[in-house]
Every structure is written in C-alpha cells, then in structure tokens.
C-alpha cells in the first residue's frame, strides 16, 4: 500500500512567495523592502502625473488666491508643478477622507501630500532594498550609504523644512520653475549662499563632477590597446576578464607629473572610495544645512560690516546678496498683511520705553 503525504497548499504558497521575494535569481530583485517600495512609488508616480496634467488651482497661501500648476490650466512643462498644500492646512495630515469633498481636497492641495508621503516612503524602501540585495549577495553595504545622501536631501526639502516653518505650503513644489522659486525664496529668507554647509555642498557636487571627469578621462586615455585603429576600443574588454583594462601606473605617472606626485592615487580602492565619499559627504552637509535653516538658524550676516574712516559703508558681496534677497522677498510676499518686517519703512515701536529696575 502506498501512502501519499501532501503539504497544505496555503503554507506552501506562502513559502513560495517568500522564496520569490528574496530570490537573487529574479531579473529584478524584489526583496521585502521592495514589497513596500513598489506600491508606494506607483501611487506617488500615478498621482503626480494626473495632478501635473489636470489638477485644479490650489490655495497655497490660504488667502483665497488659488495658484494654477497643471498643464490643463495654462502651464507648460517648465512652468507646471504640483502645488504644495494650503497654508490653511498647515502641518495637518490631509488625506482624502479628511476633506468634506474631493473638490475641497483638490483646492487645498491634497495631491501634494499624497505624492510626497508616498514618494518618501518609496525612496526609504529603495534604500533598504539596496542594503537587502547587498546582504543577500555578500557585498559590503556602502551602496545604500551613498544613496542616503539624495534621500537626506529629499527629506530636508519635503519634510524637515515644512516642519520647521510650520506648514507644508513652504515645501518645495513638484516642478521645474517651482524648484527655482523655492531656491530664490530660500535665499531671501535664510541667506543660504552665506551658509557654510551650503558651501560644502557646492564643493561636493562640483568637486564630484570634476573628479568623475578626471577619472574617466584618465582611464580612457590609458586603456591597454587590444584593438586595431578601425575597431571600437570597447571591443577590447570582455565582461569578467581577469586582466586590467587600463594601465593605472601610466595614469598615475601622467597625473603626478601634471600636478604633483601626491595629488595622484596609487591605490585603485582608495581612489574609488574618495570618488564616492566626496559628493556624498557634500550632499549630507547640504541636507543638514537645509534642516538647520528650517528652524531659522540662517547663513552668516555680514551686511554693512566694512566702513571707511568716516563711517560710510563700503559695500561687499554680502551687501549685494542682501539687496537681492530683499527684492526676492518682497516679490514672494505679494500681500500687504504679509509684508516682510525687515522691509517696513517705519521705525519699530519698543514695547517698553524704559527698562525696569531689578532688585
């Protein structure tokens, strides 16, 4: 007599699903972080596309002056944006079910919160998925560490800055010109160009571009010849080959003579660590700078700091930036009741004309 033992299909199905999720043989690795990443990024992308095309104007300032951001309301690819949620909403969580109607939700900029929250969860999950795949393959975890730099930057402009300023209406709009507007207003209100963390970020981005171009051009110029003049040099490399495809000694000698010896790396591993670390650390500092300025710890103020012998101001670049910032601020605050205090013409009235005696 033959006895057949069959496992319960439910448990077997769940095990198959777990094996599929964590398998490194799939064309695209899913992972448990991917189970969270895929639906959130799909939701954010879908809502962004629909809102960018067809969303009605949003009362961003909370003063019944709606701002149109979608293509169907007269914008183009450059000027269009998903407008941030209304200042009347502030920092309140504003899902669809919190509004009295869909029209109210759209008028108050609900799609912005939907896109941003799903997007942030999605990129956090993507970073976790990078770590998860590295772990499965036995690799070091530095890929997700490098990715943490743009994640920190996105978190700073979409989450930390609105928290510090008290409203999601101060977050960065989701569009090209909206991004530029955010940058101009940020300079006007926080003097970011005079903040040392922003300077470190500029050095990180521009320096990273320079080092990447230098490295790529040096490697391309010192490739080991494997092809004829009539063939593409790319045919001289076979994926997985053990031989070096370029002569690092030649590249080191060239760059050492071009500048000086110790400006050139003689270790490929330390070189590539430097290429990764430089822009990552710079963008970390930028994100940290935006996060501190969110709570109004602003850039340095050197306005009218240099005087001549008669006490007259000698304008410096700091004064030029200050005048530009005042102009940008008055254009941004276009209503009388929001007129910037530092542009008020009248002298401020002291609360007490005489300090009370203590003791």
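Here the Cβ of each residue, glycine as well, is placed from N, Cα and C on the backbone.
A quick note: this is a predicted structure, and the numbers were derived from the prediction, not measured.
Within the same chain, the residues at least 6 positions away from residue 126 (pheophytin a binding site) whose Cβ sits under 8 Å from its Cβ are 33, 37, 41, 147, listed in sequence order. In the three-state DSSP reading, residue 126 (pheophytin a binding site) counts as helix. The pheophytin a binding site feature in Swiss-Prot is assigned to 126; the stated evidence is sequence analysis.
The 10 Å shell around the Cβ of residue 198 (chlorophyll a PD1 binding site) contains 22 further Cβ atoms across the protein chains shown. If you look up Swiss-Prot, you'll see 198 marked as chlorophyll a PD1 binding site, on the strength of sequence analysis.
Other Cβ atoms within 10 Å of the Cβ of residue 272 (Fe cation binding site) number 12 in total over all chains. Look at Swiss-Prot and you will find 215, 272 tagged as Fe cation binding site.
Among residues of the same chain six or more beyond the transmembrane segment (29-46), those with a C-beta under 8 A of the stretch's C-beta atoms are 20-23, 114-116, 118-119, 121-123, 125-126, 128-129, 131-133, 136. Residues or ranges marked as transmembrane segment by Swiss-Prot: 29-46 (among others).
Per Swiss-Prot, transmembrane segment is recorded for 118-133 (among others). Remote same-chain partners of the transmembrane segment (118-133), defined as residues 6 or more beyond its termini with a Cβ less than 8 Å from a stretch Cβ, comprise 24, 29, 31-34, 36-37, 40-41, 43-44, 47-48, 141, 143-144, 147-148, 150-151, 154-155, 158-159.
Per Swiss-Prot, the feature transmembrane segment maps to 142-156 (among others); the stated evidence is sequence analysis.
Residues annotated as transmembrane segment in Swiss-Prot, with sequence analysis given as evidence: 197-218 (among others).
For 274-288 (among others), the entry in Swiss-Prot reads transmembrane segment.
Cβ neighbours within 10 Å of residue 215 (Fe cation binding site), excluding its own Cβ and spanning all shown chains: 17. Distance noted between the C-alpha atoms of residue 215 (Fe cation binding site) and residue 198 (chlorophyll a PD1 binding site) is 25 Å. A straight line from the CA of residue 198 (chlorophyll a PD1 binding site) to the CA of residue 272 (Fe cation binding site) spans 24 Å.
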